[in-house]
Every structure is written in C-alpha cells, then in structure tokens.
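These come from TrEMBL:
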REPEAT    3-96  repeat 'Solcar'
REPEAT    100-193  repeat 'Solcar'
REPEAT    203-294  repeat 'Solcar'
TRANSMEM  205-226  transmembrane segment
TRANSMEM  269-288  transmembrane segment
Amino acid sequence: GGVPPAIDLVLGATAGCLACFLTNPLEVVKTRLQLQGELQPPGTYHRPYRGVLRAAVAVCRADGLRGLQKGLAAGLLYQGLMNGVRFYCYSHAEDAGWTGYPGGTVAAGAVAGAVGAVVGSPAYLVKTHLQAQTLSAMAVGHQHNHENISSAFRSIYQQHGVVGLWRGVTGAVPRVAVGSAVQLATFASAKDWVCERQWFRKGSWAAVLAGGMVSGVAVAVTMTPFDVISTRLYNQPVDADGTGKLYRGFLDCILQISSKEGLLGLYKGIGAVYLRLGPHTVLSLFFWDKLRNM
C-alpha cells in the first residue's frame, strides 16, 4: 500500500527478474521433464531425464553448466513483462479497494495474472523453445534450433507474423491466472499460519520461506496441469500457416495428454514445479515487498 501502480510496475518487474535469475535452472529441468514422452504411453519411451536432481545432472552433461541457464534472457524478459503488469494491475485493485471484498484477492490475482500472461506470452514462447534445445541424444519434444533470443523472435515473426508470437497464449492465460490467484491468496495466510503454530518467529526469513513452501504446495497442485499444457502448446511444431501439428488448442491438448499419457501425464515435472515455486514465490514477493518499503 501507498505505492503508485506505475512504481509497482517497475518494482514488480525487478522482483520477478531477480527471482528468475535464481530459479531458471529449475525452469529448464521442468521444461525437459514436461516434454519427455510427449503423447506416448508410460513406459514405452526413452527417459533421459529422471527426477529433478538427475535431470539437472543430465542437462549439465549434455549442455554444460551453462545449460542450466538456457533461455535466461527470454525468461528475464518474460518475468519483467508478466510480473510488472501483474503487480501493476494488482496494485490498482488494492488502491480501488477490491481486495478488501470476500474473494477479492483471488479475483484480483487471477485477472492481474491473465493480463500479465498475454503481455509476456511471446517471451515465454521463445523461452520454452530455447530451454528445450539440446543434443539430439538428449532431445525431448520438438527442436526449433534457434541460435539465440533475437534470432528466435525474428524467425517466428518472419514465418508466422505477429500472430505467431502469441501462439500458445490460450494455455498461458489460465496457467498464470490460476497460479497468480492461488499464490497471492495463499502466501500471506500460509506465512501467518506457520507463525501461529510457533514453528518460526514472525517476520523471520524462515517464516517467509516456510510460508512460500506451504503456498507452493497449493500452487503446484493447481498449476502443474496448466503448466504442462502451456509448455506443450508453446513448443509444438507448426504448419506454414501457423496451425499446430500436434494440438488444435487448449482442450484438445488436455484430451490428448489424458488419453495417451494418462492423467498423470498432466503432472509431469511437478517436483521441479514445486521446488521452483517455493523459492520463486518467496523471492519475487519478498523483493517486491522490500522494494516497496524502500
């Protein structure tokens, strides 16, 4: 409170970028796990990535230590755009008093997240492409073979125009809306909950981290299916006219994953999602709060 929405836009973008720099390796691992065994029944495909830690080691062996920061530039751009807009919209909702109504925090978080997802979608598209790229022996999902972030944007625009940059946004909007609503609604209450049980001292780093990890459980469970769908829609190969070769859209993606990979296919990479969400929730909201106070 007390901070103009325009300032919150800058602070939110800064907080998101700081958090992204520290959690991007888990984002790379998560992307690989979610693309592994795409549209194949369980147990019928080669699994170069097994679990979070072993997947991280596999990424390092294939791409070197720098491989864990693949797509970082696109990730920073996405976090800056998405979180800047998200916190800007949420700040407006606070100033208007909407968050004071029952369910207002959830609604404001969902709307703010949806708007942020639309604005940041092109950066997330490129980030997914770059993070999926690796050696052929370790490749999962379609390989777009971009040289860098600028060539990726240029290639997508030249082939499919402006509309092509927003391909997959139908999966991004529900993903971020659900994640944002649950995150903003549960983080503060989870932090207070662990303090009420006297597990940690109020205001301590441990309380903030514990609150983030508790909140992360709720966010991971609700958000992972949307996250998997979003990754698949963004990374799928497309025809010359920009039509997806694997999925026709959001609902078709759900149906195909469920029928061919089982319902658990929608929860691929949930370990990496959770391990990333806790620290990212803590870091982004902590940096935002501290920057606001400053």
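Glycine is no exception: its Cβ is also placed from the backbone N, Cα and C atoms.
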For the transmembrane segment (205-226), could you work out the same-chain residues 6 or more beyond its ends whose Cβ comes under 8 Å from its Cβ atoms?
171, 174-175, 178-179, 182-183, 186-188, 190-195, 199, 254, 266-267, 269-270, 273-274, 277-279, 281-282, 285-286
Cβ under 8 Å to the transmembrane segment (269-288), counting only same-chain residues 6 or more beyond its ends: which ones?
8, 11-12, 14-16, 18-20, 22-23, 26-27, 29-31, 33-34, 51-52, 55, 83, 87, 183, 187, 208-209, 211-213, 215-217, 219-221, 223-224, 227-228
With DSSP as the yardstick, break the repeat 'Solcar' (3-96) down into helix, strand and coil residue counts.
72 helix, 0 strand, 22 coil
